[in-house]
């Protein structure tokens, strides 16, 4: 049974990831191994590589991610983020709010290890008296509130591509979890003693009006991308339109733009996406996921529990949203007989997101822990409670009859 061969490759993949082997190498090697186990010859395998490389889905994903990288670099170079952070610090008297909003706003742009960028700013907003584990929790947790529904994050884009659920439907279904993650984190945020937080805000009405304008204008590029995608504009076109506007506004020369592109585009990240799409193509072409619904149906536990555990485990071992979506969602599609319902897609996505948020392999978590010189075991308890709530709500949402 080819499905058993897929499961064997899956186990080997998890072992390699547990031993911290590079993600791109693991997923590409797993694709080759699965093809060999299924008796695929070199000529047929290279056809799979060709199809995975030049499929519309792969090209669109790579194009939109490269565009997002360029947009992020432009926002950094032109001082949009710096302007926004200074304005926030001047607007709110309760610095706990500023502590949360700093990583939240920086999280509007998907950047590997982005929590390290916000950590010094959180440190400055919080002051020396706030315990390190509290600052680490706020910096990491609120950095990732947008990953549930922003169309500029690769996980959301990849989930939509694999399940064939349009972004215009998937995003509204995931958005409540973005709101929920903010709300359920507030008790922990406000448990920090007010006396430990230095108060600082501007009381001058004219000055506050200027600060509000700074926040609005500094976030307009990202808001523009989100609005265009929600209006069913192609994600690539939406990002490129905003990039084009910024290039025109700030009068970039062709040479300057080329330099920005070279600085911004991380080939390693794009290779990981390509590897994921190759693995998906090999699974599909070899038929190794065809018998998965039957196999899962024979397990002595509910299918929904199996799918949730698969998504969570892959995410926990990799610490990357794009990776668990790329591996778990094709399995979900196979188990669902080719058609994934919206509640099922949301549950699997949330279960996987919980895995990434708890994973020591998550770059943002490890960098945050290191920066604030604290221990993971002091941050984990809060994260476990909050992620359990989110997964529970997603499960209830799935089980509600429709």
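Every residue gets a Cβ built from N, Cα and C, even glycine.
According to TrEMBL, the transmembrane segment annotation covers 59-76, 97-121, 141-159, 171-192, 215-248, 260-279, 299-316, 323-340, 346-367, 379-400.
For the transmembrane segment (379-400), the residues of the chain that approach it from at least six positions outside its boundaries are 133, 136-137, 140-141, 177, 180-181, 184-185, 188, 304, 308, 312, 343-344, 346-347, 350-351, 353-354, 357-358, 365, 369, judged by C-beta separation under 8 angstroms. Highlighted: of the candidate stretches 141-159, 171-192, 260-279, 299-316, 346-367, 260-279 has the greatest count of Cβ pairs under 8 Å to the transmembrane segment (59-76). Highest Cβ pair count under 8 Å relative to the transmembrane segment (260-279), across stretches 141-159, 171-192, 215-248, 299-316, 323-340: 323-340. Long-range contacts of the transmembrane segment (323-340) within the same chain: residues 10, 13, 23, 27, 154-155, 158-159, 162-165, 272-273, 276-277, 279-280, 283-284, 289-290, 292-293, 296, 303, 306-307, 310-311, 314-315, 348-349, 352, 355-356, each at least 6 residues beyond the stretch ends and with a Cβ under 8 Å from a Cβ of the stretch.
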